[in-house]
Amino acid sequence: MLNSAMSVVILAAGKGTRMYSDIPKVLHTLAGKPMVQHVIDAATKLGAAQVHLVYGHGGELLKQTLKDDKLNWVLQAEQLGTGHAMQQAAPFFSDDEDILMLYGDVPLISVETLQRLRDAKPQGGIGLLTVKLDDPSGYGRITRENGKVTGIVEHKDATDEQRQIQEINTGILIANGADLKRWLSKLTNNNAQGEYYITDIIALAYQEGREIAAVHPARISETDGVNNRLQLSRLERIYQAEQAEKLLLSGVMLRDPARFDLRGTLHCGMDVEIDANVIIEGYVTLGHRVKIGAGCIIKNSVIGDDCEISPYSVVEDAHLEAACTIGPFARLRPGAELLAGAHVGNFVEMKKARLGKGSKAGHLTYLGDAEIGDNVNIGAGTITCNYDGANKFKTVIDDDVFVGSDTQLVAPVTVGKGATIAAGTTVTRNVADNELVLSRVPQVHKQGWQRPVKKK
């Protein structure tokens, strides 16, 4: 069916006392992203013309964290219930648009479920998302007559008979803007909590003869809210299990789906293999036949075809061309770039550095602010000394250079094509093509030397 224009209200004013945190509840993260951001993203994908965020506690921190100038920030200075929160947003509703109500602490709600709810909304009525629970204790119950929804009664206000009802309110609903404003104006706080319940509009709509269409989500977990860290951790595992399942069904080999975390967006080629305890953050692309070893963290990086990242390596804001090998225990920091066939071994760190085709840095090396050509060998213990205490400087190493172990390159410095740097050398001046450079303290031999004896 053809949908009306729609705006979304996200309720995010609660303090989250049971989180025992100074951070507003909705800013606690799920899959590396604030809970409320998941909800904002769903609203955006659904095509919301405007997203109204009702906030209260920690408003400044919310604004600083979300940094979204498209949001309409609506202050709820006193938290007097969900109906009161919607009343604060009501002046921004257009009469001819639909208003979808969501919650900042219900992060797993899917676009597909919301679209079905939107499609099911009757003309002049309400679309209401409900679920059936084996144990509905604590939730508002859906009351019906002859199968039709007539209202919602909160648990504290329910009779013993009503508490036997298993269908409960999720709090998510959609209604026309003009209708919603009229119903909101009629709300009272005559209940056990002394609050203004948005749920009371269901009875008001029924009294006007309006239809209330109940829709169920694809999964009950979509409507699970978060009140404490235990609930958040459970939703995290549900989310991660869903992401792992999608990857497995798309052809990615996860060696242990229960020990894989996706905290962003992952694009994979064919025959990708990911071992246990791998974390993917931000936007990551893995080419064909990429292998990621156990315990690796990959963040905002592009990994080319046939690359292999050995266990316990960290790759952040890096770009690897085809057939590169990394680790184990390697660290690629922002700006690291490896051309085809390059190798970075154990305990090697790169930052703002390019390693050319077929070049190798096998062990115990720091390469920072460096441009390294093709077919270069970087010996163990090599350091680019890029910082003088105030400024950073660049090291340039041309093609076919051999750098011996325990070399220090004091930037700014350039090493010419085909040069050889002997082990233990400190390079402080530019090196010409094909030169041999060495700087060593003369070796001293003392015959018959005796080690000191400890005094008694």
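Using the three backbone atoms N, Cα and C, a Cβ is placed for every residue, glycine included.
DSSP assigns H363 (active site, proton acceptor) to a strand segment in the three-state reduction. The feature active site, proton acceptor is assigned by Swiss-Prot to H363, with sequence analysis given as support.
Taken residue by residue with DSSP, D105 (Mg(2+) binding site) is part of neither helix nor strand, so it is coil. The feature UDP-N-acetyl-alpha-D-glucosamine binding site is assigned by Swiss-Prot to 11-14, K25, Q76, 81-82, 103-105, G140, E154, N169, N227, R333, K351, Y366, N377, with sequence analysis given as support.
Positions annotated as Mg(2+) binding site by Swiss-Prot: D105, N227. Note: N227 (Mg(2+) binding site) has non-local neighbours G16, R18, M19, K25, D105, i.e. same-chain residues 6+ apart with C-beta under 8 A of its own C-beta. In the three-state DSSP scheme, N227 (Mg(2+) binding site) is classed as coil.
Positions annotated as acetyl-CoA binding site by Swiss-Prot, on the basis of sequence analysis: A380, N386, Y387, S405, A423, R440. The Cβ of R440 (acetyl-CoA binding site) lies under 8 Å from the Cβ of A422, G424, T425, each on the same chain and at least six residues away in sequence.
Within the model, the region 'Pyrophosphorylase' (1-229) shows a mean pLDDT value of 95, rounded to a whole number. The region 'Pyrophosphorylase' annotation in Swiss-Prot covers 1-229.
The region 'Linker' feature in Swiss-Prot is assigned to 230-250.
Residues or ranges marked as region 'N-acetyltransferase' by Swiss-Prot on the basis of sequence analysis: 251-456.
When Cβ-Cβ distances below 8 Å are used as the criterion, the region 'Linker' (230-250) is approached by residues 19, 28, 30-31, 35, 107-108, 221, 224, 257-258, 260-262, 266, 268 of the same chain, each at least six residues removed from its ends. Counting every protein chain shown, 16 other Cβ atoms lie within 10 Å of the Cβ of R333 (UDP-N-acetyl-alpha-D-glucosamine binding site). The binding residues for acetyl-CoA are recorded as A380, N386, Y387, S405, A423, R440; their greatest pairwise CA distance is 23 Å. For the recorded site, Y387 (acetyl-CoA binding site), the DSSP three-state label reads strand. Summary for the binding-site residues N377, N386, S405: the Cβ-based neighbour count within 10 Å is maximal at N386.
Distance noted between the C-alpha atoms of G81 (UDP-N-acetyl-alpha-D-glucosamine binding site) and N386 (acetyl-CoA binding site) is 58 Å.
Long-range Cβ neighbours of H363 (active site, proton acceptor) (same chain, at least 6 residues apart, Cβ-Cβ under 8 Å): G345, N346, F347, V348, A380, G381.
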